[in-house]
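**Q** Can you keep this structure in mind? I'll have questions shortly.
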Amino acid sequence: MKIGIGYDVHKLVRNRDLIVGGVKIEHEKGLLGHSDADVLTHAIMDSILGALSLGDIGKQFPDTSPEFKDANSINLLKKVYESMYDKGYIIGNIDAVIVAQRPKMAPYIIDMRKVISDTLNTSIENINIKATTTEELGFEGRKEGISSHSVCLLIKK
Ligand SMILES: Nc1ccn([C@@H]2O[C@H](COP(=O)(O)O)[C@@H](O)[C@H]2O)c(=O)n1
Ligand SMILES: C[C@@]1(CO)OP(=O)(O)OP(=O)(O)OC[C@H]1O
């Protein structure tokens, strides 16, 4: 078994789509990044790469590369899945949290779990996604950005 942790932050700005966990969320702002800035999927990728000792998403998918400009992060997660599978591992489980003052993530969480579990070729029961505010404290609380944390357990095939 292997355990990994991931953390990511992106800034909220106008004139960008808000994509979290592969799901488009209706909101007046979106996250800024080289890719689609899907902060949850990035944290999940970093947790898997961490478990595999493969560094992080910046190493695997450099933000200086035009190849990853406006990339759909679910396509990057699929590449991470393939690396994991090639190294002989499958997902045990993932537990992740989205830290956002708003919008409300709860209505979208079942769709996020479906997209992530389909991409990682595992049961939806193995993917838990939570959301919390910070009670208006810090950058998430001021609605300047959204962060996400993820922990994963990988098991040998
Ligand atoms: N962006 C968010 C934040 C929270 N939720 C849900 O609301 C519950 C209460 O949040 P607190 O920060 O006040 O504890 C939380 O447990 C989530 O279910 C949400 O959907 N979206
Ligand atoms: C995903 C990548 C690559 O497009 O870019 P961003 O969307 O800026 O995201 P970040 O979390 O800074 O991490 C890694 C990147 O290299």
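Backbone N, Cα and C atoms are what each Cβ position is placed from, and that goes for glycine too.
Small disclaimer: the values here were computed from a predicted structure and weren't measured.
According to TrEMBL, the protein has these features:
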- 1-154: domain '2-C-methyl-D-erythritol 2,4-cyclodiphosphate synthase' (DOMAIN)
- Asp8, His10, His42: divalent metal cation binding site (BINDING)
- 8-10, 34-35, 56-58, 100-106, 132-135, Phe139, Arg142: 4-CDP-2-C-methyl-D-erythritol 2-phosphate binding site (BINDING)
- His34: site 'Transition state stabilizer' (SITE)
- Thr133: site 'Transition state stabilizer' (SITE)
**Q** Just going by other Cβ atoms within 10 Å, which of the binding-site residues His10, His34, His42, Lys104 has the emptiest spot?
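**A** Counting other Cβ atoms within 10 Å of each of the binding-site residues His10, His34, His42, Lys104 gives the minimum at Lys104.
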**Q** What other residues of the same chain, not counting Asp8, His10, His42, have a CB atom within 8 A of the CB centroid of the divalent metal cation site?
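**A** Counting only non-site residues, the set is Val9, Leu31, Gly33, Ala37, Asp38, Val39, Leu40, Thr41, Ala43, Ser147, Ser148.
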**Q** Which binding-site residues of Asp8, Ile57, Lys104, Thr132 contact ligand 1 in the sense of C-beta under 6 Å?
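**A** So the answer is Lys104, Thr132.
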**Q** Which of the recorded positions His34, Ile57, Thr133 has its Cα nearest to the Cα of His42 (divalent metal cation binding site)?
**A** Ile57
**Q** For the recorded positions Asp8, His42, Gln101, Lys104, Thr132, Thr133, which sit with their CB under 6 angstroms from an atom of ligand 2?
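**A** By the Cβ criterion, which requires under 6 Å to ligand 2, the hits are Asp8, His42.
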**Q** Compute the C-alpha separation of His34 (4-CDP-2-C-methyl-D-erythritol 2-phosphate binding site) from His10 (divalent metal cation binding site), stating it in Å without decimals.
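**A** Distance between the two Cα atoms comes out at 10 Å.
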**Q** Give me the non-local Cβ neighbours of Asp8 (divalent metal cation binding site): same chain, 6+ apart in sequence, Cβ-Cβ under 8 Å, ordered along the sequence.
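**A** When sequence neighbours closer than 6 are ignored, Asp8 (divalent metal cation binding site) has Val39, Leu40, His42, Ala43, Asp46, Ser147, Ser148 within Cβ distance under 8 Å.
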**Q** Drop a 10 Å sphere on every Cβ of the binding-site residues Gln101, Thr132 and tell me which sphere holds the fewest other Cβ atoms.
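**A** It is Thr132 that, of the binding-site residues Gln101, Thr132, has the fewest other Cβ atoms within 10 Å.
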**Q** Restricting to the domain '2-C-methyl-D-erythritol 2,4-cyclodiphosphate synthase' (1-154), what is the model's mean pLDDT?
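**A** Mean pLDDT across the domain '2-C-methyl-D-erythritol 2,4-cyclodiphosphate synthase' (1-154) comes out at 98.
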